[in-house]
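Student: Taken from TrEMBL, the feature signal peptide covers 1-20. Here TrEMBL flags 404-502 as domain 'Fibronectin type-III'. Residues or ranges marked as transmembrane segment by TrEMBL: 504-523.
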Amino acid sequence: MDTMEQWFLPGFLALSMVLGEGPTCDFSPECYKQSEESTTYTCEWSPQFVKNATYELFFRRSNSTADTSLGSSNSSYIHVTDDKLITKVSVDVWVVAHTKYKSCNSFTFSGILSERVKYGAPQMISMSRTSSNLTLRWGNKKGDAVDVEVRRRENSSGTWNTSKFQVNKAMLTLEDLQHQQVYQLQLRQKSKIAKHPLWSDWTPILNVPTEIQDPPEVNWTVVDFSNGTRLLKLNWGISTYPVSVGQVNYNLSLHIWPCQTNQKNWSNIKSTEFNVSVTYSAVSGSIAAFNKVGNVQQRNFLIPAKHLTNCSKAWRIDKPTPHKYVPVLKKSCLEWYKLTDGETSPHKVNIIVKQVNETLQTIRKEMDDYLPYYYFVHHQSDKRLPQTIEMCLMYKMEGVPRKAPENVTVHSTTTSAVLHWNHIPLSHRQGFLTYYKICYRRTQNGKGNAKTECHNISASETEYSIQNLTPQSTYEIQLSGGTVAGFGPPETINVMTQTQFPGWIIPVVVLIGISITLCFIYIKRHQSKIFPPIPRPVVVEYSIFRVRNQDMDEIKEEVHELQLHDKRSKEPKSEETNLLNVCRRYECEDTDENSLGDPMSPEYEGQVLRLETVDSNPAETDCEVAMLMYRNGLVFDMKAEYTEDAGTPL
């Protein structure tokens, strides 16, 4: 009974207080600090059905009835310093929402505020993806161990898969990712030091693209303005990159100003084109493509210098410096180097800025004989554009060329020969190439028997025509290049001119062609007279035979029985009554071949096959006839003197 009385009074007071405070709002505040050392607390709430209200925050000791207001706000949170709170003991915190027509109290939060820590969501997240692993890094000044919860899904759909990790130094590696699969991630973290840590908010959704496999392919074009400046147009392709790599950015570095050793950098370029003004000197650069998951190996490239092989402003012994070199701070500089292969510049160049401490005589002492060196004089224009104001080759000492012109070809006619060749490579000239020398002579049986003629032509030419040659003759031609030191080895080639045809051959060929044409026309017009037609036999077809045979079917003949009868027999046998007795005149004259062959002729049935008889009596043999057993109109006639086939099908 005493126990019931002990709890009755506090319970009654609490119930009276709740009933007196009005209706309850459907939310509860949550108070915390964002780090273990922080002295500022944040109390926030999420009102769902109370809009356009003013919120007032209250707190009291959990075992007290004295309420203390911590301030009001139109937002859903209030920041409170620790000097206004009791942080070491348990307190009750609640919110009163005031609207125009009513007020309501939220649910009460109870706890020790100093033990509640809620970190912010991970910030400044960087990703690095290699193969099937993804490494995540984010900002953590203290580097304390934290609990991390990661949820991920493939593409933008599917179910979230959540995993928990304990990490140090704010770095986490996810394994077993599919190589060409795009993922979405969210992270949150909480303290491992606080007694009552809270999970931070989820980070925004992070899209994780695939890694870039290859560096970009760089292409360039150079537009020469002929004023010492070139426009360099760079472009790089991303056509080989799949959509899964996401947004690709680029970092570009170029060494465009030779008077300085530092490169100029451009970062986070989103386009695939870039234009910049450069000098005539070589331009080195590099470009690297990267996306959210990291960089790839950069692509290095070199834009060749513009070299003038035939220039008139070369340094000479009597000229210590280029005439356009004016050293004013860093607006002008001198660049020179040795051409290793005669065409491209080496990695190491010599640059002199400000004052020229060494004269060219000193520079020449360091140069090698017979090897080409190149120099540039660079200047910065008033518009701060890099510009080359002078450039050319230079030699310490010149020698004769070491090689002859390359790829020499000759095309000959009856009285001329045209030569084509390529220039001697710069690395084999050993000096300034001044001209080419062509010498030729007529040869016979492999020996020269004529005077040699020579001609000098400009060093810029690659073609020459030799005239006034003898037809059907062999010539020996030599071509060599020369410097101030002399001529180098020649290239020798033998050529034979073509045969010259006599002048009367063409008219004769034309006359023969005209004569053949006229003869052909004459034969076509008088063909009937020259080649009369050959007579052909006339075959007469009787209309009666044609009419009788129109309705006939295909004739099929069968010889069932053949018997020979002697005319002298007076009593024929009974089976011979159906014999057809055919007899010709006693003279046995030969009938007309036409009547015998015509089935419509009256004499057709009298065609018989004449045979020799046993009796050799001439009087009887004239009229002896062998009678045939006849069917389907087949009759044979036989004479004693010869046998003739006179049968004719009906």
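Each Cβ is built from the backbone N, Cα and C atoms, and glycine gets one as well.
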Student: What else in the chain is close to the transmembrane segment (504-523), if you only count residues 6 or more beyond its ends and a Cβ gap under 8 Å?
Tutor: 530
Student: If I take every residue in the domain 'Fibronectin type-III' (404-502) and average their pLDDT values, what number comes out?
Tutor: 89
Student: Which residue counts does DSSP give the domain 'Fibronectin type-III' (404-502) for helix, strand and coil?
Tutor: 3 helix, 53 strand, 43 coil
